[in-house]
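Notes follow once the structure below has been shown.
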Amino acid sequence: MIIAIDGPSASGKSSIARELGVKLGYKFISSGYLYRIITLIAQKFLMSSCDFISEDRLLNLILENDISFNDSSFFLNGENVESQILNDKIDFQVSFYSSYVGIRNIVNKKLREVVKFSNDNYIIEGRDITTIVFPESEFKIYLDASVKVRALRRYKQRNGNETLEELERTLKIRDDVDKRKQYGKLKLSKGVFYLDTSYKGLDDVCNIIIEKFNLKKVRER
């Protein structure tokens, strides 16, 4: 069983997917975290965070590094790097690198292989999860929220290291890039359950999703 969660950056996908995993006993995977790790790999081999690296060079660097994840933790060469990939420098570049078709193919293949060779149930979140990676998943969700709310959430997560104006501007740019991607663009897929999380708490959102999920299972019996 796969529950696929899609939506824009900072709409609550990771937090909600983690919590749903706990409540339902499903394993959690974030494709966004994988793209962030790849962006970290690129940054480690660049002199300046304002520079970018070619797709071919980055593909080779990925092969030279070990990316892994388990129990909701994400590793680069055996080191838990979650604290290193949630910052403004990664935010600034991750959309650029995730637009490379070759990079998306690597991440999508890795996600599909994990599910294919496992008997576990999964909650997988990320942009294009419901449209490209797992379009036939049993339950598809699209989480959304206003830019102002998303900026405020990220501001609280980052302990005020960036201003609300900076975060809002970054998110608007990110949305524009994600919606214009030739491959894996941000969009609603057919049959998705749309939920605006702007003024809802974590527990409220999870309860709404679980209720909808259970109702769907009853109807399909």
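Placement of Cβ uses the backbone N, Cα and C atoms for every residue, glycine included.
Here is what Swiss-Prot says about this protein:
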| type | residues | note |
| --- | --- | --- |
| BINDING | Gly7, Pro8, Ser9, Ala10, Ser11, Gly12, Lys13, Ser14, Ser15 | ATP binding site |
- Task: For Ser9 (ATP binding site), just count the other CB atoms lying within 10 A of its CB, please.
- Result: 19
- Message: Please list, in sequence order, every residue of the chain apart from Gly7, Pro8, Ser9, Ala10, Ser11, Gly12, Lys13, Ser14, Ser15 whose Cβ lies within 8 Å of the Cβ centroid of the ATP site.
- Response: Ile16, Glu125, Leu143, Ala145, Arg150, Thr197
- Query: Per DSSP, to which secondary structure element type does Ser9 (ATP binding site) belong, with helix, strand and coil as the options?
  - Reply: coil
- Message: I'd like to know which of these binding-site residues, Ser11, Lys13, Ser15, is least surrounded, judged by other CB atoms within 10 A.
- Response: Ser15
